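Colleague: Before I ask anything, here is the structure I am working with.
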Amino acid sequence: MRARSVLYLPASNARAVEKARALPCDVAVLDLEDAVAPEMKLEARAAAVAAAHEGGFGPRLGVRINGLDTPWGADDLKALQGAPVDLIVAPKVDSAAMVHALSAALRPGVDLWAMIETPRALVELRDIAEADGALSGLMLGVNDLAKDLKTGPAPDREPLKPWLAAIVAHARANGLSVIDGVFNRIKDETGFAAECVQGRLYGFDGKSLIHPSQIEGANAAFGPSPDEIEWARKVVAAFTAPEAAGLGVIRVEGEMVERLHLQQAQALLAAL
């Protein structure tokens, strides 16, 4: 399923959670971690469970739990055992052992998305991505990662570029979804659009969002354009024509197109 727009919502903010039910994000994530103050953790957990049971969200609903090394993480998982959520987002996953522990605590059918946001996670990236269990996605936690790497703010995320590529490569090698990190400057529409374009060029499936105003831009950037859809249809039509039977390479409007392009076109159209 698509994950162009992954919107974080403080589970403790009832108004924001209610509004999220009408938003066109691909994934709504009720946040129990960064967006919730320590004194509100228990209230937020109860609110997330109640909201999940009430339903009414878009295609997929997730919950970001607190880390297992905090006083709340293990109890978050226990409380969500019977809640109808599609996925659990786990912060600061830095080992395959953590993936295994998290997976063991999830009921069957619930996916696990691991946040890659520490230097240790980068070092262990291969083992994390290859870990057996419920893991189905990697998410870039850009703020914590930049802090721990001691990189300063930089145009075009220059210091993080090697890791952007590495996270995508490991996700693709293991059939995982991969979601780009948040963009903090909510009112900087130009900067947000540019970072979405960059994320798609690197191969990310979508972007983590912190405000509903970012949904439309993310959906547009990480979804196919009308021209891409039209081209995909032309490629499929050309390969299904009788004269293309048995051919590995054909010409479509003067461009050489291979069977791998047919597979890409079919996948694009199937996701619409």
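One-based numbering along the chain as shown.
A Cβ is built for glycine as well, from the same backbone N, Cα and C atoms used for every other residue.
All annotation found in TrEMBL is predicted automatically rather than curated by experts.
Marked as substrate binding site by TrEMBL: ARG64, GLU117. Under the heading Mg(2+) binding site, TrEMBL lists GLU117, ASP144. Annotation source TrEMBL lists domain 'HpcH/HpaI aldolase/citrate lyase' at 4-212.
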Colleague: Using C-alpha atoms only, work out the spacing between ARG64 (substrate binding site) and ASP144 (Mg(2+) binding site) and round it to an integer in Å.
Modeller: 15
Colleague: Rounded to an integer, what is the Cα-Cα distance in Å between GLU117 (substrate binding site) and ASP144 (Mg(2+) binding site)?
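Modeller: If we compare the Cα positions of GLU117 (substrate binding site) and ASP144 (Mg(2+) binding site), the gap is 6 Å.
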Colleague: Could you work out which of the binding-site residues (GLU117, ASP144) has its C-beta surrounded by the smallest number of other C-beta atoms within 10 A?
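Modeller: Candidates: the binding-site residues GLU117, ASP144. Fewest Cβ atoms within 10 Å: ASP144.
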Colleague: Using DSSP with the three-state reduction, classify GLU117 (substrate binding site) as helix, strand or coil.
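Modeller: SS state of GLU117 (substrate binding site) = coil.
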